[in-house]
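Asks: Annotations per Swiss-Prot:
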BINDING   20, 21, 22, 23, 24, 25, 44, 106, 129, 130, 131  NAD(+) binding site
BINDING   93, 99, 131, 162  substrate binding site
ACT_SITE  186  active site, proton acceptor
């Protein structure tokens, strides 16, 4: 079902290329290096920015007690031989904007980045972070021609972390004790699975009333917008970088973590030809398997509504191309 690339680079020192040296990209570079996961190549089109950030991170190595190599560059040739390519390049949201409003501007950026990166790292696994996430992942999949296990979007890990955070704040408990999962698109139609959320194994339905749970679900759906409205000058970057580094870690260390990941579906959940967030097992080959949960009728309906919104934006992009 899933391909296993016969790649010589899997036997080399691990290297992660990050395309886009903005706040998410640069914070992700820091996370990966300081967790001692891999060497990092940070690429951006603006001269001096990735080089300066790389030097800054290099100067912190002695303090952070690691010896990872960090390169800043404007040349895709320097990303050659990367095991993982993370695409964060693109314009961030501004107050009042939805993730879908970024479609026209960011699609061209992501497609070009994907084509350039795959030319130098043909065996790499790709993680897309740029918004609108699900559509950008679909376009990157088309641009690279990769098997679906080697290209994925980071959304569900972040959305699940937000849901867990709001549950923990409501109950006054340790966030690490809260486990939750959010499926669907990375937007207003995401599907937080309340009945699967637990605190140390106790379902939150036994700890919180239905009205409170629905309030936390709605806050989760608007979690990104809440930060954009507060900051006024951009969106979240600490939590997105942490969520992406968790995916990188699971792949490089072959941890087989079960995480919600945006993937091209081929019939799972009765959905086809769409990228959307579902539970997946992440390991050395990227997405090792897709897990099909036993969803209720209302959960399945919500997932399908979410998928239709992604398909609508894919068609919107195609119409823009033809206009």
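Backbone N, Cα and C atoms are what each Cβ position is placed from, and that goes for glycine too.
In terms of burial and nearby residues, how do these features look in this structure?
Replies: Within 10 Å of the C-beta of residue 24 (NAD(+) binding site) we count 28 further C-beta atoms, all protein chains included.
A simple way to gauge crowding: the CB of residue 131 (NAD(+) binding site) has 28 other CB atoms within 10 angstroms, across all the protein chains here.
For residue 186 (active site, proton acceptor), other Cβ atoms within 10 Å of its Cβ number 28.
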Asks: Checking the spread of the NAD(+) site as listed (20, 21, 22, 23, 24, 25, 44, 106, 129, 130, 131): what is the longest Cα-Cα distance, in whole Å?
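Replies: Those residues reach a largest Cα separation of 17 Å.
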Asks: Taking each of 22, 24, 131 in turn, which of these binding-site residues have a Cα lying within 10 angstroms of the Cα of residue 186 (active site, proton acceptor)?
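Replies: Near residue 186 (active site, proton acceptor), where near means Cα within 10 Å, the binding-site residues are 131.
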Asks: Work out how many Å separate residue 162 (substrate binding site) and residue 44 (NAD(+) binding site) at their Cα atoms, rounded off.
Replies: 28
Asks: Using all protein chains in view, find how many other C-beta atoms are within 10 Å of the C-beta of residue 22 (NAD(+) binding site).
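Replies: Result for residue 22 (NAD(+) binding site): 20 other Cβ atoms within 10 Å.
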